[in-house]
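Some features that TrEMBL has for this protein:
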type   : residues : note
DOMAIN : 7-71     : domain 'Complex 1 LYR protein'
Amino acid sequence: MTPVTRQEVLGLYRKIFRIAKKWQSASGQIEETIKEQEYIKNEAKTLFRKNKNVTDPKLIKQCIEECEARIEIGLHYNIPYPRPIHLPPMGLAHKQGRTLRHQEKLRKISKPIYLKSHDEVS
């Protein structure tokens, strides 16, 4: 990892914890706010520890982009949890003889960047 990349990753980590410290839930309830703050902290710790040994620059860049996307979406919608995608079953495959394997491949390709690591951790 280059020093610039390392600084960028550490900056994102600090940014997440600053957001968690100031986080207010949409409902305004104290219990809900505390629960969401803990979720943000735990999710960040889990994902950053999981990816601490990643050395491929492309994978590092992808993780940074996912982190930034999740931060922006969380702040925009005031929801710390990843927003699910809604695709109808068999909605991506052509109706003429596509196999289930191809359908699964299309679903994987269509998954937004901010959900890539969520399924691996959950």
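A Cβ is built for glycine as well, from the same backbone N, Cα and C atoms used for every other residue.
Annotations in TrEMBL come from automatic prediction, not curation.
Summarising model confidence by region, the domain 'Complex 1 LYR protein' (7-71) averages a pLDDT of 93. Residues in the domain 'Complex 1 LYR protein' (7-71) partition by DSSP class (helix H, G, I; strand E, B; coil) as 52 helix, 0 strand, 13 coil.
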